[in-house]
Amino acid sequence: MDLEQTKIPQATAKRLPLYYRFLNNLHSQGKMRVSSKELSEAVKVDSATIRRDFSYFGALGKKGYGYNVEYLLSFFRKTLDQDETTKVALIGVGNLGTAFLNYNFTKNNNTKIEVAFDTNKERVGQKVGGVPVEHIDDLENKITDLTVAILTVPASAAQGIADRLVDAGVSGILNFTPARITVPNSVRVHHIDLSIELQALVYFLKHYPLTGEEEEEE
Ligand code: ATP
């Protein structure tokens, strides 16, 4: 890519998805340009920082004009498609949630659980596996730049939480609860029920044992 993107500082890179989402909204409203003041108010980053960030993208705002939305968006699209780490939220710090937080997915993957949520007062305010646990009431405030969430709450809480996640802009949910959740078509849900997987394995071992030869027995 010929754009200057090799030396973007991490702190700037972290703000890209924020800018990106806001600019996308502007773009879909048909806006062609935006001032750093407008951006600053929307994404809650001071305008000096925004100007500095944007200078790394080769976007120099013009006085009285601001920034070209289309240009910035095309830059962000190219940049964000690279090897950026996807930040993930986890909801429900029970046994399973705790295990995921301790494991985190950073070893083989460019995904990382950044924040977790629970209702349990004893958990809220703690860190598990280095990840802060927030109260579920703060969900909308704390996941403004996250698009992926892992659900490890009880089944009865799954749909309500999923609705809130979707409203907050989450577009991918890894659902470990046995509940089938309903989401808009634009949201992807992957459903993993570990107990069913285990039962299925046991069933297959019993009824379709592998012989170690070329074919499975009936
Ligand atoms: P697991 O099912 O992961 O083994 P568990 O048996 O320890 O967990 P569950 O009752 O399944 O406990 O609850 C998982 C976690 O979800 C608990 O820490 C619980 O406090 C939390 N939780 C329950 N309801 C909600 C909710 N509405 N929002 C957020 N967290 C919740």
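Using N, Cα and C of the backbone, Cβ positions are placed for all residues, glycine too.
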When you get a sec, could you say which of 18-57, 58-97 is annotated DNA-binding region by TrEMBL?
18-57
Apart from Gly92, Val93, Gly94, Asn95, Leu96, Gly97, which residues in this chain have a Cβ no more than 8 Å from the mean position of the Cβ atoms of those residues at the NAD(+) site?
Thr98, Ala99, Phe100, Asp118, Thr152, Val153
Tell me which residues of the chain lie with their Cβ under 8 angstroms from that of Gly92 (NAD(+) binding site), as long as they are six or more apart in sequence?
Phe117, Asp118, Leu151, Thr152, Val153, Pro154, Ala157
Report, as numbers and ranges, which residues of the same chain sit near the DNA-binding region (18-57): CB under 8 Å and 6 or more residues beyond its ends.
3-5, 7-9, 12, 65-70, 72-73, 75-77, 79-80, 144-145, 169
What are the helix, strand and coil residue counts for the domain 'CoA-binding' (81-180) according to DSSP?
29 helix, 29 strand, 42 coil
Highest CB neighbour count within 10 A among the binding-site residues Val93, Leu96?
Val93
